[in-house]
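Colleague: Feature table excerpt (TrEMBL):
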type: DOMAIN; residues: 206-372; note: domain 'Helicase ATP-binding'
type: BINDING; residues: Cys433, Cys436, Cys473, Cys476; note: Zn(2+) 1 binding site
type: BINDING; residues: Cys442, Cys445, Cys460, Cys463; note: Zn(2+) 2 binding site
type: DOMAIN; residues: 457-644; note: domain 'Helicase C-terminal'
Amino acid sequence: MEKVADIYIEYTAMAVDQSYLYKVNQYNVEKGMRVYIMFAGRKIVGIIDRVYEMPKTELDALPYKVQAIDSVIDEDVLLNEEAFHLARFMANRCVASVMSCFQAMLPSKLKPKSTKQNIRKEVYVIYQQDKEVKGQKQKEALAYLQEHPKIKRQDFNKRYSCLQRFIELGIVVLQEEEKQAEVEQINLACDHFKLQEAQQQALDKIKAIAGHHVHLLHGVTGSGKTEIFLQLASEVLAQGKQVLILVPEIGLTAQMVERVTCRFGKSVAIYHSNLNNQQKYEQYKLVKEKKVQIVVGTRSSVFMPFEQLGLIVLDEEHDASYKQDSQPRYHCRDLAIERARYHDCPIVLASATPSLESYARAYKGNYQLLELKERIHKNMPVVHVVDMKESMKHDHDALLSVSLKNAIYERLEKNEQVILLLNRRGYTPVLRCLDCGEVKKCPHCDIALNYHKQTNRLVCHYCEYHEPAYFVCSSCGSKNISTSGFGTQRLEEYLDELFPQARVVRMDQDTMRRKDMHEVVLREFEQHKYDILVGTQMIAKGLDIPNVTLVGIVNADASLQREDFRSVEVTFDLLVQASGRSGRGDKIGEVIMQAYQKEHYAIRCAQNQDYDTFFKKEMQFRHLGKYPPYTYLASLIFTNDKVDQIYQDIDTCFEVFDYPNVHHLRAVQLQKRKDTLRVRKILKCANLDELIASVHFIKNELLKNKCKSKLEIDINPLFLE
Ligand code: ADP
Ligand code: ZN
Ligand code: ZN
């Protein structure tokens, strides 16, 4: 018998998803450890899958020579059973290789292709034994060591200069250890409220279901959702289990981190994209070594190495940042639910504007629906919608209506603060008639056509429909057509002109290049160093500033006409979230939305904070167009440097495509990226498993036929460019 192992390899040039057989020799390896192996003449990293005995005869009978492992990287198991389960689940769901999933799951310093070398070490001075020493200083040092038998070398050297001498005498030895994350003790006063009746009922309903279940907690901002899951968390912790709280971008959810850390003190790890690789590694280790019981973090914290999860919370569950934007394109929600299932524990999805997918499942009873109808402090903001078509007739100002200008002026007079939001998605160039608001749509898809400036054409991104662009409105004949939105920078300059006395600050992708700028600007705004905050989407979420009594949404409906089936949902979410920023304190807040399509249900429902009506209307639209949640989509983007080659490869794969329930739309050429040509096929199916199977099929055909085109796969894409 010979000990062998199946090993997943890092060799990413090959998209094939299989493990390779190696001899283990003298090494003591286990499933989930990383090793070095020789593969095709290169030394690469592999992950051990299965270790087992194989008869020598069988081994010798193999048509190739089985090599031995080169060396072992990990002393302990890096990936446990659950990690393998999750990687395989993810590989299937995303139609990706298992190794690429491990790659996505691990923090940089532990990724299969790196080694432990770059992990920062700390050197300690360890006291061993008493010896005769000379001189006052050395005696002091010895006494100090007897009191502090283990101290950092740099700390010792700061005090005394006799380290070398002590080592020679055998008084101390040096010991190298991995740098540990400092777990801070935070002592803030925290509120711990007695739950209100509606909150208590929701909490009781969650607790009433033992084991795994998905709960959808739906309630307007300020209705007390966070308080519910924090209390649930403390009960779970009391049972000795761990808690994962997932949040969208951390910069904007600093308040969540503060609330959680202040309540649970030093048992919290925080994990987000602003940490450097060393910090991420340290936080990861804290969880692995069970030094913390709670993690608050963004998307990739779903991979934290918990062993005893008792609760997962996905806050703002509808948020687009939960979707990974490179391969493998997983959705954090899917993986979180799978982990909760694995640990047989509840998962709470919380949002004021749940994704249609989640709400539809709750509506059908697959998830438990929990609704909070009112704010804790019963002061909902007053929402006005300004008809920009009307406004433009009186005052030729396409940026700010008279009502909004007056309202801003009033707040400045009262020394209160204002948030002005520009809908970034409005920049997608569409042709809009400034007189009647009409936007040119695709005749086949009921979705706005994209304006391509280079070719002066209007193009549909769903089907291949296109037409020349004419700057005349097809509905009212006006020649007053605009091609795009307007920028935050222009708005900022305009505000400076209108309100020279006001202190204006701008927050968008341009001004926020540096990662911590968010927090700085937000803190200064909170301290009232500015009167008006101008920004894009990024200011709509999470902000809780009591002195903000006016939120203006400059182009509320700009994102309605995006060439995407989710555009209405995205608009509604944005408006509701942004409205939630007004009147968080004692003062009643006001929201002014400026829109050309005042009567659109996204605007009206947002104005009334009426999710139910929005949901019903939007589900009708999705039903008619056979869009999610009625179907599942897959986006397959074929890339190559020759477009003929791409179409040829697509033909090769789809000629033999035999999945009658999977509807595939005609191939559409996308804009090229980095000189690579891209052609997309969209697949639609009412059954997710069937859809996934068909995508696996296409991927295999591509490999089998040795096609030159590469394939980028996105199952359940959030947006289609
Ligand atoms: P959400 O997560 O739905 O936005 P929060 O849990 O943040 O709501 O609650 C909104 C505000 O009400 C917060 O300031 C919170 O401290 C406060 N709050 C929550 N629950 C209670 C309660 N039971 N009693 C008093 N205040 C509460
Ligand atoms: Zn018109
Ligand atoms: Zn179309």
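Note: Cβ is positioned from N, Cα and C throughout, glycine not excepted.
How buried are these features, and what lies next to them?
Modeller: For the domain 'Helicase ATP-binding' (206-372), the predicted model reports an average pLDDT of 92.
Long-range C-beta contacts of Cys476 (Zn(2+) 1 binding site), restricted to its own chain and to partners at least six residues apart, with a cutoff below 8 Å, comprise Cys433, Asp435, Cys436, Glu438. Annotation note: Cys476 (Zn(2+) 1 binding site) sits in a coil segment as assigned by DSSP.
The secondary structure of Cys460 (Zn(2+) 2 binding site), as reduced to three states from DSSP, is coil rather than helix or strand. Counting Cβ atoms from all protein chains shown, Cys460 (Zn(2+) 2 binding site) has 20 others lying within 10 Å of its own Cβ.
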Colleague: To see if you understand the setup: which same-chain residues, six or more apart in sequence, place their Cβ under 8 Å from that of Cys473 (Zn(2+) 1 binding site)?
Modeller: Cys433, Asp435, Cys436, Glu438, Lys479, Asn480, Ile481
Colleague: What is the total of other Cβ atoms whose distance to the Cβ of Cys436 (Zn(2+) 1 binding site) is within 10 Å?
Modeller: 15
Colleague: So among the binding-site residues Cys433, Cys442, who's got the most Cβ atoms within 10 Å?
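Modeller: The largest 10 Å Cβ neighbour count belongs to Cys433.
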Colleague: Taking DSSP three-state, what's Cys433 (Zn(2+) 1 binding site) in: helix, strand or coil?
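Modeller: Assignment for Cys433 (Zn(2+) 1 binding site) reads strand.
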